[in-house]
Amino acid sequence: MSALPVAVTCGEPAGIGPEIAAAAWAELKGDVPMLWIGDPRHLPGGTPIAEIADPAEAVRVCDTALPVFPHRFAGPVTPGTPDLSLAQGVVDAIRIGVDLVRSGSASALCTAPIHKKVLQDGAGFAYPGHTEFLAHLGGDVDVVMMLASDQLRVVPATIHIALSDVPSALTPGRLRRVIETTATGLRERFGIAAPRLAVAGLNPHAGEGGAMGREELEWIGPMIDEIAQSGLDVSGPKSADTMFHAAARETYDAAICMYHDQALIPIKTLDFDRGVNVTLGLPFVRTSPDHGTAFDIAGKGIANPSSMIEALRMAAKMAAA
Ligand SMILES: NC(=O)C1=CN([C@@H]2O[C@H](COP(=O)(O)OP(=O)(O)OC[C@H]3O[C@@H](n4cnc5c(N)ncnc54)[C@H](O)[C@@H]3O)[C@@H](O)[C@H]2O)C=CC1
Ligand SMILES: NCC(=O)COP(=O)(O)O
């Protein structure tokens, strides 16, 4: 077992974050040391916990109780009913987690889901998600959001923006950085020495030779050719509708997609229970489950912790590597 725990943030306390963290601890306690950053009042009743003042205590107590690095919120919570007065505590927990990892007290960060609108309304949170906030906390670095499972890895080149904003946000500079950051991340975090990348087109049928959009002809295709000539195994632009079937998935290690849903629909359809969100490009390891806060089932004891378990396993494995 590693000497350092994975720091797990509470996420939105009215969502399923606390209960899947508790369930993941019960599953992984002998294998993946962790500490949970949050308010103990927000955990399901009956969860065995050990409050720790020093992250170093986590490994010692993790076998018998969920180590809790206490972070008091303004009050208790009702599952399924977000309370805007608790929003700042959610943001602060992420900062604490990053500090623990960057100071060497934790091996990696695993974040439970946040509710973006609740944080925006309750705490004036200026970021569309963890990914962008962590890029800032990591030193305003270029990051990519990857969703990964045993069956598929996808990267949306544009993330949390309106579909109508995608064409203007998808600049050659942005796409090149995403391709390069993904290749580096596959080498450094996944141990794939010569990563193979497939790039989706923006338009139906990758533009159909200009009949359904011209971005592929004008710059996406030429850029991919140029990057390929520099030695990276990158191909495309490919028709997004035909690049995710089983045989096609065998031909690449990650699919670079043009926008959020083009990337996330295939992986959540294939592997909703076991997909992991990993941020590449950060100076530390960060993973998260692929799902959100699930207010509709919070507190009912039916949330599936599998994605959280996979996220913790992946964080520990990447940190160890
Ligand atoms: N890493 C993060 O912080 C993420 C946060 N979100 C946020 O979560 C909020 C809610 O998003 P939604 O689109 O409603 O997606 P969601 O993933 O919260 O829920 C979609 C559906 O899947 C179900 N579901 C989700 N996780 C489940 C689990 N572990 N076990 C059983 N059923 C589960 C829910 O009950 C719901 O019916 C939004 O604010 C979104 O931005 C979404 C994805 C990731
Ligand atoms: N749809 C994925 C998602 O919302 C995850 O966002 P992030 O909070 O990890 O940036």
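Backbone N, Cα and C define each Cβ position, glycine as well.
Residues His205, His260 are recorded by TrEMBL as divalent metal cation binders, and the candidate that the same record lists for that site, out of His130, His136, His160, is His160. DSSP assigns His160 (divalent metal cation binding site) to coil, not to a helix or a strand. Put simply, Lys268 is the one of the binding-site residues His130, Thr131, Lys268, Arg286 whose Cα lies nearest to the Cα of His205 (divalent metal cation binding site). The Cβ of His260 (divalent metal cation binding site) lies under 8 Å from the Cβ of Pro156, Thr158, Ile159, His160, Ile161, each on the same chain and at least six residues away in sequence. Fewest Cβ neighbours within 10 Å among the binding-site residues His130, His205: that distinction goes to His205. Under 6 Å, Cβ to nearest atom of ligand 2: this is the test, and of the binding-site residues His205, Lys268, Arg286 it is passed by none.
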